[in-house]
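What follows is a short report on a single structure.
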C-alpha cells in the first residue's frame, strides 16, 4: 500500500473482489493512535485545521464547500440523532441530502449517506481512490498523509460535492473548535445538542470547558440553535455566541401532544429534545436559503409543523440507537426481520450509550420497551390462543399459547466499554434507572468487542483473533458488577493491568456462534430480552453477527 502504482492498479480494475478490502487496508494505515484517547502523532508543520485546508486545496474542493449549504452540528449527546432527523425532514421537503456522521457500526460507508441511503460500494471506491491517489502524490515532509478522520471528512466533502447535494448535514467528530469538520467557514446554520461529561481527557473535566470547545463551531453572524442546558454550559455558549455576534436561540423540545401524538422514528423520550432542535435547524435552513416561502407560501403558522416535517420525524432511522432486533434464526432465514408481535428466541435491544446521561436515557428506553413488548406479546398471544381453540378444538394449543405468553421474562445485559470511560458511573446509573422502573437483570456478560480501534474492516469481515483477546478488562467489569448488585463500595475495584487466570477464554458459543443457536442448547437464554450497550463497537459486532 505504500506504492501509488499498486493503488492505481486496483482502481483501474475495480471489479477485483479484493478492491474494497484493499481500501479498508488503506484506511487502516491512516490510524495514527493505537487506541481511543491516545495521542495522535501526525507530524508536519501545519495545525490540524491548516492541514484540512491544504487537503481541500489539493483536491480542488475549498471554494466549493460553501455551495453545500451546510448544517453543522456539535454536542455530547444526540448530535447523530439530530443530524438524522434534519436529513429526513429536508429529504421529505424534496431536497437531495448528504449526511456525514460517525462512527460507523458495521461498514465505513454508513458514514456517508445520499438521500438517506449509504453510498454504494462502487461510488465509494471511485471517490475514495480519487482522493487517496491525489493526496498521496502531494504528501511532503511538511504535509503528511491525512489521519483517518481527517481523510474521511475530506472524502465526505468530495462525495457531497460530486453528488451535487442540495444540503449537507455534517456531524462534528469530537469537540468543535479543533475538530476536522470545523474547516467549514460559512455554514447556513449551526446546532449544539445536549452537553455532558465525555472525552474529558481531551475537552476538559468541567462542563464549561466542554461547552467552550463545542461552541467553537460558531461562525460570525451565522444563526445557531441549542437545547436547554445546565447553567454552567449555557452561560459559556451565550458568552461565546456574544463574542462572535452569533444569534443564539434555544429550541424547545417537541411536544408530541400538540401534533396528534406524533411518533418519532427514533425511540426514547429524550429524542423529543433532538427532534425540537432538528425542526429549528431545518426551519432556519429553509428560511435562509429562500426555500420556506417557496414550499409553504407562509401558510404554516409558527407553532405548526408542515406535513413534510412530520413525515421526516416519523421515518428517521439510525442503526444502533434504541434499536430492537428480533433474532428469529430458527423461524426465519432473515434474522433481522422485525415484527412487533414477534417473540423470537432472543430479542436484542441495541443502544450505543457510553456517557452517564445517555446511559440513563438508554435504561429508561429499555425498561419501557421491554414492558411494551411483554404487553404486546401477551395480548397477541391471547388472541392467537382463542383463534386456535376455536378453530381446532384442541386444548393442547391453549396450553402452548399459555406457555408462550410467559416469554421475554428475563433481562440479560451484554456490556462493554472502553477503558477511558467511567464504568463506575455508567453501570450504577444503568442498574438504578432500570430498577426504578421495575426492570432487573437476571444475568450480565462482559465481552470484548470483535472490532478494534486500530483497524477499519468491511461489513463482511470478522477478525480471526476474536477468541484470543485479553479479557482482563472484562473481568474487572464483572467484579465491578458484582459489587454493584450487592450494594458494596466500588471506588477501589478497577485495577488496570491486573492479572487474571484463564482471562483469555471467551464465551465462544454464546457470542460468536449465534445467539439463537445457543438458546437451542441452553434454555436459560431462550426468550430473553438482551440489552447491548456501553460501546458502539459492541453494538456493531452484534448487528454484524445477526446478519450472518
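Cβ from N, Cα, C; glycine included.
Values in this document were obtained by computation on a predicted structure and should not be read as measured data.
Features reported for this protein in TrEMBL:
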BINDING   102, 171, 199  Mg(2+) binding site
BINDING   321, 351  ATP binding site
Can you count the other CB atoms that lie within 10 A of the CB of residue 321 (ATP binding site)?
24
Please work out the number of neighbouring Cβ atoms within 10 Å of the Cβ of residue 102 (Mg(2+) binding site), leaving out its own Cβ.
19
Given the Mg(2+) site residues 102, 171, 199, which other residues of that chain have a Cβ within 8 Å of the mean position of their Cβ atoms, reported in sequence order?
79, 80, 101, 103, 172, 173, 174, 179
Of the binding-site residues listed as 102, 171, 199, the one whose CA lies nearest the CA of residue 351 (ATP binding site):
102
In whole Å, how far is residue 102 (Mg(2+) binding site) from residue 321 (ATP binding site) when you measure between their Cα atoms?
13
In sequence order, which same-chain residues at least six apart have a C-beta under 8 angstroms from residue 171 (Mg(2+) binding site)?
73, 79, 80, 83, 100, 101, 102, 181
Neighbour count, 10 Å Cβ-Cβ cut-off, for residue 351 (ATP binding site): what number do you get?
26
